[in-house]
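S.K.: For reference, the structure I am asking about is given below.
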Amino acid sequence: MILNSFLQPIKMKSTPSIFILLLLLLICQFTHGFSSEKKFILRHREMDSNPKIPPHQNISFSYFVSNAPGDALGEDSNVIPLHFFAQTQGIISIENPNITVNEPNKSKRIDFTLTADALAPGECVINVSSTNPNVYLKLATIKVKVMKSEALDIFSQVIGWSYFIAWSISFYPQVYENWRRKSVIGLNFDFLFLNTVGFTLYSLFNTGMFWVPSIQEEYFLNNPSGVNPVKLNDVIFSIHAAIVCFFTIYQCYIYERGNQRVSRVCRVIILGVVLVVAIFVGLSFSSTITWLEFLYICSYCKLGISLIKYMPQAYMNYQRKSTLGWSIGNVLLDFTGGILSIGQMLVDAYNFSDWGSLLGDPTKMGLGFFSVAFDLIFIFQHYVLYRKRWSSDESDRIIDNDEEDPHDD
């Protein structure tokens, strides 16, 4: 009997298609907002920079004013008065907040420098205003991070890449186990499908928070002195995890599976998540909610999935009185990644005096805690409860009774 019979209620192609569609929507949000009616554009010279400095040091920012494509200049564009201001007081002090750009019509580009002093730990957004309506200002916003210690910042980066490696590698012991045994018996399909949907949503959240300026702007309006909780390694990890999950589903097509299939309860849960996401996409387009709120909905769905996704696998191990087919390497690496993830968030919160950032990314914090808790359960099952079973017969085929899935309809 082919795997299609039990996968038919959930089209595998539908989930990646939804992911690609939502990713395109975020890209549209990224490009939305530039007005061709503006005659000048004010930019920060290094658009991708996010400077971090210790307290009591100064930093300079380079800006330039350039003509917008296809502009039609008028007399009211001869002077551009600019006023720079810190969105949150007490973190940085701008030395020369008022700058006037004279006769921008005569040059394709005019450069100038802004200097600021770091006062206290935190993250501050430097905004700019102008009485000249012909200037496009959204590309001039800068986020400055003031930290307590450069050593702690380096330590945080090491922790981040360490858990990125641990969590990323954690998917491969199960892939290898399936390949070695030419069987997916012992791997619960409810866990696999819930994991795939969860990491797809997590990829959307991280992509939006890290790469979409308008969403970042919404976040810092709500958390003026906060630190963006999503880092590059979070983005790469979540996208990589979703891809490997889809590949593991592919293994279910080509390897022996016994009587295992996705349960009816799991199908209903996945359908419910898809409907919730679709509804909130519509609400975002109608401006009923912001795109940041939509991403938080995705993160809450991911967090909810994380609460329940391990349960089918733990219960299946209990029913079979065995962990054979479920890779312990996956569990140990996942446990390591969870501990490191929580540790990095605590280090960052202390270094930037921003304990509120622990709630800024509820998915990341929740993912760390729940993965650690269930990993401890799996470790107990593998090394204590069912140790004799897997150690004495690990290389053999699972007997017919073990092939029956307790989640069958």
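Using the three backbone atoms N, Cα and C, a Cβ is placed for every residue, glycine included.
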S.K.: If I go by TrEMBL, the feature transmembrane segment sits on one of 73-97, 98-122, 323-347. Which?
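M.R.: Residues 323-347 are the ones TrEMBL records as transmembrane segment.
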S.K.: State the residues, same chain only, that lie 6 or more residues beyond the ends of the transmembrane segment (323-347) and have a CB under 8 A from a CB inside it; answer 'none' if no residue qualifies.
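M.R.: Distal contacts: 152, 155-156, 159-160, 162-164, 166-167, 169-171, 173-174, 176-177, 181, 183-188, 229, 313, 317, 357-358, 361, 364-365, 367-369, 371-372, 375-376, 378-379, 381-383, 386, 389-390, 393-394, 398, 402.
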S.K.: State, in range form, which of 184-205, 235-253, 265-285 has the highest count of Cβ pairs under 8 Å to the transmembrane segment (291-311).
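M.R.: Comparing 184-205, 235-253, 265-285 against the transmembrane segment (291-311), the winner is 184-205.
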